[in-house]
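> There's a structure below that I have some questions on.
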Ligand SMILES: NC(=O)C1=CN([C@@H]2O[C@H](COP(=O)(O)OP(=O)(O)OC[C@H]3O[C@@H](n4cnc5c(N)ncnc54)[C@H](OP(=O)(O)O)[C@@H]3O)[C@@H](O)[C@H]2O)C=CC1
Ligand SMILES: O=C(O)[C@@H]1CCC=N1
């Protein structure tokens, strides 16, 4: 088994680490290439047996699975390099939302899956968003599902849903961290509580909130009702929170969707320019 990774940035490195720690991949099976070689040295140090290579072609050649972990506008360069060595038996996994499966299938002969991970997969948590390409067999799909089950909860989505699903699953950790940062800052600034204590309380609270919602099928509305004693402190503070945050996530989603539309155009242009040359 050969598993290639192209791009040892934040997500490429995170996925390698998560799969190895979960026992879903053996370092001996993994071959990684990346533009900046220092990142490769770090991975080789951390996972003895993992092979690093200096060209993307070496990572791609003969790989059973090939993970493309570069940013959307780097796809053209990478595809130009690896196309000559790719074959129809290989499975290419793209982890980025604005590169359409159809575009990849037009350019490379491989089977293609789009699987959007999340930073929380690093701790075996969170979802991974699956969109199947047309060439994958049922066995290919089962194997990929099984692989990602080791580090996440795989969820099948349609290509049309990819933006909003990624907003919640992949951008969401940053959005929640931003809200928690404000919560923690407020506790520290207004009461003098130690930042470390406030942070620990906030993390435990967030973990427990998610577990309660998942394990007891508790909706956000039910959860708020559970905590709010009628006429009590939470109810009063929730009023303030609702007023001050009303519409915030509509604006957040508007922003992600606008940026996504721009990225789609730029990626489509870069990939179609490739076909013209
Ligand atoms: N961060 C996240 O939470 C998530 C990210 N994603 C998607 O994953 C993709 C990668 O994101 P992320 O890991 O955060 O980005 P990074 O910038 O951290 O990683 C991208 C890596 O690709 C390398 N690279 C760029 N061009 C080439 C090339 N031609 N050949 C080989 N390697 C190359 C970069 O090298 P260099 O070090 O030289 O820049 C970098 O190490 C993005 O498309 C993003 O949308 C998906 C879900 C979640
Ligand atoms: O910020 C980004 O573009 C990527 C997409 C999903 C999470 N991070």
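Every residue, even glycine, has its Cβ placed from backbone N, Cα and C.
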> Which of these, 34, 83, does TrEMBL say binds NADP(+) at the same site as 6, 7, 8, 9, 10, 11?
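The candidate from 34, 83 that TrEMBL ties to NADP(+) along with 6, 7, 8, 9, 10, 11 is 34.
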> Could you tell me the mean pLDDT the prediction assigns to the domain 'Pyrroline-5-carboxylate reductase catalytic N-terminal' (2-97)?
97
> Same chain, not part of 6, 7, 8, 9, 10, 11, 34: whose C-beta falls within 8 angstroms of the C-beta centre of the NADP(+) site? Give them in sequence order.
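The surrounding set, listed in chain order, is 5, 12, 13, 39, 69, 70.
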> Between residue 9 (NADP(+) binding site) and residue 56 (NADPH binding site), what C-alpha distance do you get in Å?
14
> Determine, to the nearest whole angstrom, how far the Cα atom of residue 34 (NADP(+) binding site) is from the Cα atom of residue 56 (NADPH binding site).
7
> If you measure residue 10 (NADP(+) binding site) to residue 56 (NADPH binding site) at Cα, how many Å is it?
18
> Find, for the listed binding-site residues 10, 34, 56, the residue with the lowest Cβ contact count at a 10 Å cut-off, counting only other Cβ atoms.
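It is 10 that, of the binding-site residues 10, 34, 56, has the fewest other Cβ atoms within 10 Å.
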